[in-house]
Amino acid sequence: MSIILGIDPGSRVTGYGIIKEEDRKLHYIDSGCIRTSEGTLSERLLEIFDGICQLMDNYSPDEVAIEQVFMHQNPNSALKLGHARGAAMVAAASHRVKVNEYSAREIKQSVVGYGAAQKAQVKHMVVNILMLNRPPQNDAADALAIAICHSHMRHGLAALQQYRQQGLRRRGK
């Protein structure tokens with residue numbers, strides 16, 4: 001069993017999604033948003049850090065997954081997003097949990113099967129994969145998609161490594 005915390009960072013709203021993976025089946029635990037105040041950037045980053053630390057304390061995730069920064073047309077927005085990611089990543093690292101990073105394209109490909117999927121398609125698949133009764137908030141749905149992506153990628157990498165090892169053994173290496 002593994003508990004995965006997915007994080008969709010933002011300087012105003014940071015989405016989170018927590019799932020449990022058991023016998024390769026995914027189960028919904030919790031999701032929501034950390035909404036920061038109208039304070040300074042450093043105050044908002046502290047709120048993100050504290051919010052993620054509280055989630056780490058409450059749920060004790062085994063793994064954390066976060067979306068990578070993509071280049072905005074507005075460099076200032078990209079910088080603020082990078083700061084929010086940093087606050088979330090340090091919160092996870094302070095709890096000695098490894099942070100795994102995925103691009104938006106990897107997340108969409110893993111969850112929907114199409115790397116250029118629309119947000120509505122991702123949300124729809126999150127609801128179906130986790131068998132939710134109602135769709136989560138947008139940022140929470142994105143965070144759940146990140147957690148699902150991590151589960152899928154982890155098993156994909158494990159299968160690939162196992163396949164490579166079997167191939168090496170057959171060749172006597």
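Here the Cβ of each residue, glycine as well, is placed from N, Cα and C on the backbone.
Those TrEMBL annotations? Automatic predictions, nothing curated.
Taken from TrEMBL, the feature active site applies to Asp8, Glu67, Asp139. Under the heading Mg(2+) 1 binding site, TrEMBL lists Asp8, Asp139. Taken from TrEMBL, the feature Mg(2+) 2 binding site covers Glu67.
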Should one count Cβ atoms within 10 Å of each candidate's Cβ, the recorded positions Asp8, Glu67, Asp139 would be headed by Asp8
According to DSSP, Glu67 (active site) sits in strand
